[in-house]
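Q: Here it is, the structure in full.
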């Protein structure tokens with residue numbers, strides 16, 4: 001069930017590219033990001049209230065974690081993502097972002113002593129190779145024909161933001177429940193995005209958005225943020241940051257599939273080949289008998305909020 005949730009999370013996040021493209025036709029980047037995380041916060045605070053009967057307050061020792069999660073995974077990631085896509089193609093951005101699990105695995109082995117065994121390394125390589133095959137339509141060398149410019153630098157900022165978000169989340173889960181962490185970090189991220197959305201003129205344009213754009217925002221807020229983030233954190237807590245992070249390689253695959261189904265984009269042989277490589281990589285990563293990052297279950301439940 002846990003792995004199914006991680007796969008669904010990857011599909012949800014793949015769908016965010018389609019939903020964001022629809023919403024972006026009418027909304028400015030920071031405005032769309034702000035509305036996305038306001039929506040996510042509404043759903044998440046509702047989840048928390050339903051499960052706890054109240055909104056759990058944050059202890060002082062938890063606030064630094066929540067602030068860092070909001071700044072890295074919500075504000076910084078989206079700022080770099082939208083800024084990067086202003087100057088480079090989505091395929092090139094997706095290729096760069098597809099390397100995230102490798103950095104997560106390496107840094108997880110350093111900070112959390114999560115082992116990189118003989119099957120994990122080729123699993124990561126296969127997954128990244130599959131993502132490259134899908135994104136480049138079977139011609140990976142063409143993706144390296146240009147030098148790195150400002151847009152690529154912004155997308156590298158996405159990687160730094162998401163890796164930081166994942167590793168901070170791993171540390172935060174030792175004393176903070178996933179639902180509380182995600183809820184408060186989305187709220188903090190939305191607050192950080194607000195000044196930039198106001199600068200874009202969101203107050204003037206919000207009444208002009210179509211129903212289609214709002215549907216896109218609702219998808220981004222609920223499936224792409226609230227439910228997706230919550231399930232992703234559950235994966236980190238149960239199997240470790242490196243193994244949960246490998247499922248991110250499924251995002252470009254699901255994104256292209258959904259784009260073909262919803263936006264009528266072409267489905268070609270490179271998609272099938274890339275999907276086989278990605279799924280094989282995920283299988284090898286989780287097949288390893290030596291890679292068993294213990295779930296954080298020994299924490300006193302009275303300390304978790």
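A Cβ is built for glycine as well, from the same backbone N, Cα and C atoms used for every other residue.
As listed in TrEMBL for this protein:
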{"type": "DOMAIN", "residues": "4-134", "note": "domain 'EamA'"}
{"type": "TRANSMEM", "residues": "33-51", "note": "transmembrane segment"}
{"type": "TRANSMEM", "residues": "63-85", "note": "transmembrane segment"}
{"type": "TRANSMEM", "residues": "91-112", "note": "transmembrane segment"}
{"type": "TRANSMEM", "residues": "124-141", "note": "transmembrane segment"}
{"type": "DOMAIN", "residues": "151-286", "note": "domain 'EamA'"}
{"type": "TRANSMEM", "residues": "153-172", "note": "transmembrane segment"}
{"type": "TRANSMEM", "residues": "179-199", "note": "transmembrane segment"}
{"type": "TRANSMEM", "residues": "211-232", "note": "transmembrane segment"}
{"type": "TRANSMEM", "residues": "244-263", "note": "transmembrane segment"}
{"type": "TRANSMEM", "residues": "269-286", "note": "transmembrane segment"}
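Map the listed features onto the structure and describe their local environment.
A: In the predicted structure, the domain 'EamA' (151-286) carries a mean pLDDT of 83.
Sequence-distant contacts of the transmembrane segment (153-172), counting only residues of its own chain at least 6 positions beyond either end whose CB sits under 8 Å from a CB of the stretch, comprise 62, 65-66, 68-69, 72-73, 76-77, 80-81, 83-84, 87-88, 92-93, 96-97, 99-100, 103-104, 107-108, 111-112, 181, 233, 236-237, 240-241, 244-245.
Remote same-chain partners of the transmembrane segment (179-199), defined as residues 6 or more beyond its termini with a Cβ less than 8 Å from a stretch Cβ, comprise 28, 30-31, 33-35, 37-38, 40-41, 44-45, 47-48, 51, 56, 58, 62, 65-67, 69-71, 73-75, 78-79, 169, 172-173, 225-226, 229-230, 233, 305.
With a cut-off of 8 Å between Cβ atoms, the residues of this chain six or more beyond the transmembrane segment (211-232) that come close are 5-6, 8-9, 12-13, 15-16, 19-20, 22-23, 25-27, 32, 35-40, 42-44, 47, 73, 178-179, 182, 186, 244.
Counting same-chain residues at least six beyond the ends of the transmembrane segment (244-263), those with a Cβ under 8 angstroms from any Cβ of the stretch are 6-7, 9-11, 13-15, 17-18, 21, 94, 97-98, 100-101, 104-105, 108, 123-124, 127-128, 130-131, 134-135, 166, 232, 235-236, 238, 271, 274-275, 278, 281-282, 285-286.
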Q: Using DSSP, tally how many residues of the domain 'EamA' (151-286) sit in helix, strand and coil.
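A: Per-class counts: 121 helix, 0 strand, 15 coil.
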Q: Which numbers of helix, strand and coil residues does DSSP report for the domain 'EamA' (4-134)?
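A: Helix, strand, coil within the domain 'EamA' (4-134): 102 helix, 0 strand, 29 coil.
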